[in-house]
Amino acid sequence: MDRSSLLQLIQEQQLDPENTGFIGADTFAGLVHRHELPLDPAKLDMLVALAQSNERGQVCYQELVDLISSKRSSSFKRAITNGQRALPQDGLLDEPGLGVYKRFVRYVAYEILPREVDRHWYFYRHRSCPPPVFMASVTLAQIIVFLCYGARLNKWVLQTYHPEYMKSPLVYHPGHRARAWRFLTYMFMHVGLEQLGFNALLQLMIGVPLEMVHGLLRISLLYLAGVLAGSLTVSITDMRAPVVGGSGGVYALCSAHLANVVMNWAGMRCPYKLLRMVLALVCMSSEVGRAVWLRFSPPLPASGPQPSFMAHLAGAVVGVSMGLTILRSYEERLRDQCGWWVVLLAYGTFLLFAIFWNIFAYDLLGAHIPPPP
């Protein structure tokens, strides 16, 4: 039901004859049952919670419209929190008779969301279409590109040591900074099978559930922001080094998720969360350590500097800042969040600085960059 049809129905039924802006929850619930309106069970529960947060047992008209249209403002969230004692205490784990896909949706809800009210909301309104295509498509494209270059170079580990590898039009190289697409397309290239496997695993295990819950637009924005920040940070802090791999985007997703778990530790119901947190941090730290080792102590003779590790760190910073803001605003409008505009301003300032740096700093500082392949 859209906003206009809801407004028309309320006017026809005269649920608010005095135009007070409030509607009795019992009155509206009776209307739902009489007209057999398709309202999710989770929304009916939240209607009770909204009424419970009001002394007169009424619901603000705007909050009711937001509830029907699945838009949740900050005031809406506060009202739900105040009335949360009226919500059923049964968790989704107690719900019997679920099919395989619905059990997977329930698993995702407990992996990603920290509050039972949000888990109910997501579980009942989730639809399988559109599927989480962004992370799956990026991972598939990375695998295809890796297989093509592996077959062409006949090399599957430490591909960056092959003299033909850096000639790829996808790799970011400081000598090709004018080709702006390389600041993003480097995410499709990888050092070898070990880096691709690590990134693909995290993209599927963490990125796909995040996209299922928060949507394609938000997660793709976070991932690409991490990728772009990674290459730009390398161009500032490690000016002679190229960049390959999707680690900037991967670390943005993982850092955002881990920070969200830590900040909502008591509410997260995922099993073995402490063990998994430690394991994730160890694996991410090991990958950064491997990248540092390859950058400064290459195990094989190389014709130029090896790929930088700074993209990992830049992605982590984007995840803790921009990513955490996105994940904490589940089903809320980001434009209503003051913190979102602060993060956007900071990221935009960084982009402008990095652009001017790439245009002027290399010549002013006399940076000796390796010749482009």
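Each residue's number is its place along the chain shown, starting with 1.
Quick reminder: no glycine exception, Cβ is built from N, Cα and C everywhere.
Those TrEMBL annotations? Automatic predictions, nothing curated.
Per TrEMBL, the features are:
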ACT_SITE  S247  active site, nucleophile
ACT_SITE  H312  active site
DOMAIN    179-328  domain 'Peptidase S54 rhomboid'
TRANSMEM  133-152  transmembrane segment
TRANSMEM  183-204  transmembrane segment
TRANSMEM  216-236  transmembrane segment
TRANSMEM  248-267  transmembrane segment
TRANSMEM  274-296  transmembrane segment
TRANSMEM  308-327  transmembrane segment
TRANSMEM  339-360  transmembrane segment
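In this chain, the transmembrane segment (339-360) lies apart from the transmembrane segment (183-204): fewer than three C-beta pairs between them fall below 8 angstroms, excluding pairs fewer than 6 positions apart.
Taking every recorded stretch in 133-152, 183-204, 216-236, 248-267, 308-327 and counting its Cβ pairs under 8 Å to the transmembrane segment (274-296), the highest total belongs to 308-327. Spatially, the transmembrane segment (308-327) is adjacent to the transmembrane segment (216-236); three or more Cβ-Cβ distances between them are under 8 Å for residues at least 6 apart in sequence. Around the Cβ of H312 (active site), 23 further Cβ atoms fall within 10 Å across all displayed protein chains.
Per-residue confidence over the domain 'Peptidase S54 rhomboid' (179-328) averages 93 (mean pLDDT, predicted model).
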